């Protein structure tokens, strides 16, 4: 009887700890680990200022304001994965090219789509045509790996954990009956599979994937403080960001949480 009682007490204690962390918005099931090395090619777009890399198909807007800066890349269709690749982080190193800077690597965040160009052969200009895996990097990121005049370089790459400062950020768009959320600064695997929103007077409401890193809910939520449930696309882990936005939230504003993946 003694061992059974001890086991029950431990499970009860663990359940209480789980609930406390989930309510605080700080619970994380584990750490995302680096993936295997693979091979691809990389090019660059824009100039040294990164002006042409702002915005993009993930919806992050001004990449300096959203925290990504110039360490970014547009992904080929295969890697972009209908927007579920947004926010993922990749370690990239130049491989087997005379233009490589020896021993150099850099980490970039996926912020854009490199669309296919079916007017050009996949091996002669149509670098982002499926099923190719390709990175069209911001020029400053590319220049960490190789001389820019190389144009295109063979690379080795792998998924790595996204190291983020602070919690996830939720940019609000929409109106009183349609809520559109862009999620930024996501740690861990960096990506999102699904989301739900909870008003202070509602149960959890599932949100649908709109485009890029945005999710939407068709519901009247104005006048309620809002919390979010976020599930990672890669790991399936779920965390809760409680009371992210106050009852007087408005579109065009970005609200910060304390919750994040690792």
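Backbone N, Cα and C define each Cβ position, glycine as well.
Residues annotated as signal peptide in Swiss-Prot: 1-30.
Model confidence over the domain 'Expansin-like EG45' (55-167) is summarised by a mean pLDDT of 95. Taken from Swiss-Prot, the feature domain 'Expansin-like EG45' applies to 55-167.
Reduced to three states, the DSSP call for residue 58 (disulfide bond) is coil. Counted within 10 Å of its Cβ, the other Cβ atoms near residue 58 (disulfide bond) come to 29, all protein chains included. Residues or ranges marked as disulfide bond by Swiss-Prot on the basis of sequence analysis: 58-86 (among others).
Other C-beta atoms found within 10 angstroms of the C-beta of residue 162 (disulfide bond) number 24, with every protein chain shown included. Look at residue 162 (disulfide bond): DSSP puts it in a strand. Taken from Swiss-Prot, the feature disulfide bond covers 89-162 (among others).
The feature disulfide bond is assigned by Swiss-Prot to 94-100 (among others), with sequence analysis given as support. Just so you know, the Cβ of residue 94 (disulfide bond) picks up 24 other Cβ atoms within 10 Å once every protein chain is counted.
Taken from Swiss-Prot, the feature domain 'Expansin-like CBD' applies to 177-257.
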Residue with minimal Cβ packing [other Cβ atoms within 10 Å] among the disulfide-bonded residues 86, 89, 100: 100
Rounded inter-Cα distance in Å - residue 162 (disulfide bond), residue 86 (disulfide bond): 12
Rounded Cα separation (Å) that holds between residue 86 (disulfide bond) and residue 94 (disulfide bond): 22
Alpha-carbon spacing, residue 58 (disulfide bond) to residue 89 (disulfide bond), which is rounded to whole Å: 14
